[in-house]
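Colleague: Can you keep this structure in mind? I'll have questions shortly.
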Amino acid sequence: MGKFNFSEVKESWRMFSPEEKRNIAIYICGIMLYKFGLEAFNGSITALATNRYDWEAWKTDSAQKTFERVGLLQGLNQAFQCVGSILIGPLIKRFPTKAVLSVSIFCFGILTAILLIVDAATGGSFKPAGWDPESEDDFGYYGNYNSDAIIPIYCISGIAYGMVELIRRVIPRDIVGGNVQKLRRMDALVHIFYEVAGTAGAFCTALALIPRFGNNYSFLITPIFFTLASIIWYFVSNLNYTRATALERAERKKNYFLMIGEGFMFFFKSVYVGGKILLTNRRYIWLLPGYSVALYGHRYLENGISPQIARRYLGNSAWSQIMVGGSNFGELLGAGFVFLFTNFIQTPMPWLRLDALFLLIVWYLPYWYPTRGNVNDAWKVAGTFIPVSFGWAAGDVSLAAYIQASLARLEAQNHEVSALGSVMACLYSTYIVIYAIGQPLLGRYVDSVNSSTGSIRPAIKNIAGVQFTIISVLVFCSTFIPQGAIAFNPKMLNEEQLDADLEKPDVRADSDEDLKKYQHNGTIDDRRGSVTRASVGVEDTFSPDLPVIAEREKTTLAKV
């Protein structure tokens, strides 16, 4: 067995060139501001929707549909993130990635302010000092508008959210190339600072912003932080942004809406191709439970179980952010361990197995009887969420680097779509479908059980204990599928050596013949860091950039 050496930490940083270090530092500063504001926004919206639907049921003396609606809200937001990631593809082809990222997050910040304006325009106010209503369902300082109005507003913001999430996952691959060691280290390093900001943002939202302003105004910092992140990210270098002059002129003449239509067409095609790759190859079929199902479990823990425990067990929806903060801290530790032990644990399998085992911790929830209104119990839940999210984050970071490096080596084997982009589109679409369908249905089940029994504990037994046990079994069993994965700590999967950099052939098209070929086939730029190339991150979708690029690269490689 290997032994950890702290000198490896210094060596990890020395792997990067000076320009890579500069870009990583700028990128991390921006992403911390982004994550802090994002936690304030998402946490406040979840708490706001939970309280408003309870408030409306209390005012009208009607049956509660709180978690069904909250589940629908979150599921649709996830689906609209896919739409946003498709819309961003044509923009990346025309402009530098950093410019598109900066503008996207600035627009996201504007959209987050819509609910603030709506609440103020309908008579809403900050939470009054010493607010102590007769009923915990009374939120009289909220604006007087239909709570369902939150759903379309949150969906629209999901489009911008998807744009930002896609681009921020493209940039790491552009910065450090295709070396799995560099990718794993950068992904882990960024994830560490990302979760530092996320943990701070979640705790700040739960303990300061919501108690002081109320969850109808607690996300007022979000537009400010997003604007600052937009400014900082603009100083990132243009990275691998290169484009042939002839292609660029023809590209700019192409109709943007036509390109969007092509984006949707190629997205669905990529989902099909990705599904075919996953379901017909032992090397990749395990990614469906290992990534998609595991991601669903993590998201449901934070966005499904946490609000239910906070509101129904403890009586304060804001405390769900304390639990999310504990989860974020677990993610921070998980990413840190991957960064420190990347040479000792070289595949995602040990981390995924640990994740599967830690999922079983949630079994205590249906048999736990906390004191209602006691914030200390929220901290206890946060503590139990730390190991659960530790396992998931460690597996996710390691799996992200493995997927990018492994599938990047299949790029030239497909003539029409990117193998990496297709698999990512299929994996993330699978997660979206599971989440978008499961979240509102499980929310309806929780509401039904609560109405009939006066408690959600029977429901928690099924949606937490039973459901997470099934997820645990699926994830654990999937780790034994790849060739060479039986070992406790495999050194290599499928006999693939992924520690070498990918060669980047020169595929620039400067001649008129290339331009004609471009016009005939409808292809676009050859930028290696395009959304559809190996730069795709774990949650990326697809854009219409690929019809003939792979064939051109194949021809170029043959000449070399």
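Here the Cβ of each residue, glycine as well, is placed from N, Cα and C on the backbone.
Note that the coordinates shown come from a computational prediction; the quantities given were computed from them, not determined experimentally.
Sharing the feature lines straight out of TrEMBL:
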- 24-50: transmembrane segment (TRANSMEM)
- 70-92: transmembrane segment (TRANSMEM)
- 99-118: transmembrane segment (TRANSMEM)
- 149-167: transmembrane segment (TRANSMEM)
- 188-210: transmembrane segment (TRANSMEM)
- 216-236: transmembrane segment (TRANSMEM)
- 256-278: transmembrane segment (TRANSMEM)
- 322-345: transmembrane segment (TRANSMEM)
- 351-369: transmembrane segment (TRANSMEM)
- 381-405: transmembrane segment (TRANSMEM)
- 417-438: transmembrane segment (TRANSMEM)
- 459-481: transmembrane segment (TRANSMEM)
Colleague: Would you call the transmembrane segment (188-210) and the transmembrane segment (216-236) in contact, using three or more Cβ pairs under 8 Å, pairs 6 or more apart in sequence?
Modeller: yes
Colleague: Take the transmembrane segment (459-481) and find every residue of the same chain, 6 or more past its ends, with a Cβ under 8 Å from one of its Cβ atoms.
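Modeller: Contacts with the transmembrane segment (459-481): 282, 285-286, 288-290, 293-294, 296-297, 300-301, 304-305, 308-309, 349, 352-353, 355-357, 359-360, 362-363, 365-366, 442, 445-446, 449-450.
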Colleague: Give me the stretch from 24-50, 70-92, 99-118, 216-236, 256-278 with the greatest number of Cβ pairs under 8 Å to the transmembrane segment (322-345).
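Modeller: The stretch I would name here is 24-50.
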Colleague: Same-chain Cβ contacts of the transmembrane segment (99-118) under 8 Å, 6 or more residues past its ends?
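Modeller: Sequence-remote neighbours of the transmembrane segment (99-118) are 34, 37, 41, 45, 48, 88, 91-92, 143, 145, 149-150, 153, 156-157, 160-161, 163-164, 167-168, 171, 216-217, 219-220, 222-227, 229-231, 233-234, 236.
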Colleague: Looking at 24-50, 149-167, 216-236, which one has the highest count of Cβ pairs under 8 angstroms to the transmembrane segment (70-92)?
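Modeller: Top-ranked stretch among 24-50, 149-167, 216-236: 149-167.
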Colleague: Using Cβ atoms and a strict cutoff of less than 8 Å, what residues sit near the transmembrane segment (149-167) while being 6 or more residues removed from its termini?
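Modeller: Contacts of the transmembrane segment (149-167) (Cβ under 8 Å, skipping residues fewer than 6 from its ends): 34, 41, 45, 48-49, 52, 69, 72-73, 76-85, 87-88, 92, 97, 100-101, 104-105, 107-108, 111-112, 114-115, 118, 531, 537, 539-541.
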